[in-house]
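A.B. asks: A single structure is presented below for examination.
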Ligand SMILES: O=C(CO)COP(=O)(O)O
């Protein structure tokens with residue numbers, strides 16, 4: 001599965017802790033992230049992550065483009081609801097695209113945990129059917 005990991009600045013420690021806790025599960029999948037989140041996860045967990053631009057510089061939109069091209073299976077987005085973001089329209093667009101394409105989206109750690117446990121149980125294998133694939137991973141073209 002292709003999994004996007006994104007966290008706003010005040011949630012970055014949380015996503016690193018989350019990635020550490022679920023490292024065994026996450027290392028079985030292909031990971032993508034916005035720039036700074038991906039760097040932190042790579043440096044602090046050793047997981048391999050495809051890094052896009054930082055969120056305010058287009059990273060959310062790059063992940064949105066993957067969703068629009070049916071290439072993203074799960075989005076784990078640790079949002080900070082208490083801090084104004086300069087790229088709020090990009091954030092709204094990413095969340096909207098998850099809904100347009102029925103891509104499982106967590107916007108906080110509690111839901112992320114439910115999704116990752118579902119992933120471990122195979123509850124998200126329908127995504128492979130949606131992608132018309134049999135394999136586990138979907139490489140970037
Ligand atoms: O701003 C973000 C998501 O909207 C996250 O971007 P960074 O991971 O580059 O901090």
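For all residues, glycine too, the Cβ spot is worked out from N, Cα and C.
TrEMBL entries are annotated by machine, without manual review.
Here TrEMBL flags 1-141 as domain 'MGS-like'. For 8, 12, 34, 35, 36, 37, 54, 55, 87, the entry in TrEMBL reads substrate binding site. Look at TrEMBL and you will find 60 tagged as active site, proton donor/acceptor.
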A.B. asks: Using a 10 Å cut-off, grab the number of neighbouring Cβ atoms around the Cβ of residue 60 (active site, proton donor/acceptor), all chains included.
C.D. replies: 28
A.B. asks: Measure the Cβ-based neighbour count of residue 34 (substrate binding site), defined as the other Cβ atoms within 10 Å of its Cβ.
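C.D. replies: So the Cβ neighbour count for residue 34 (substrate binding site) comes to 27.
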A.B. asks: May I have the DSSP-based helix, strand and coil counts for the residues of the domain 'MGS-like' (1-141)?
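C.D. replies: Taking each residue of the domain 'MGS-like' (1-141) in turn, the totals are 72 helix, 20 strand, 49 coil.
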A.B. asks: Within a 10 Å radius of its Cβ, which of these binding-site residues (36, 54) has the fewest neighbouring Cβ atoms?
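C.D. replies: Comparing Cβ neighbour counts within 10 Å for the binding-site residues 36, 54 gives 54.
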A.B. asks: About how far apart, in whole Å, are the alpha carbons (Cα) of residue 8 (substrate binding site) and the residue listed as 'active site, proton donor/acceptor'?
C.D. replies: 11
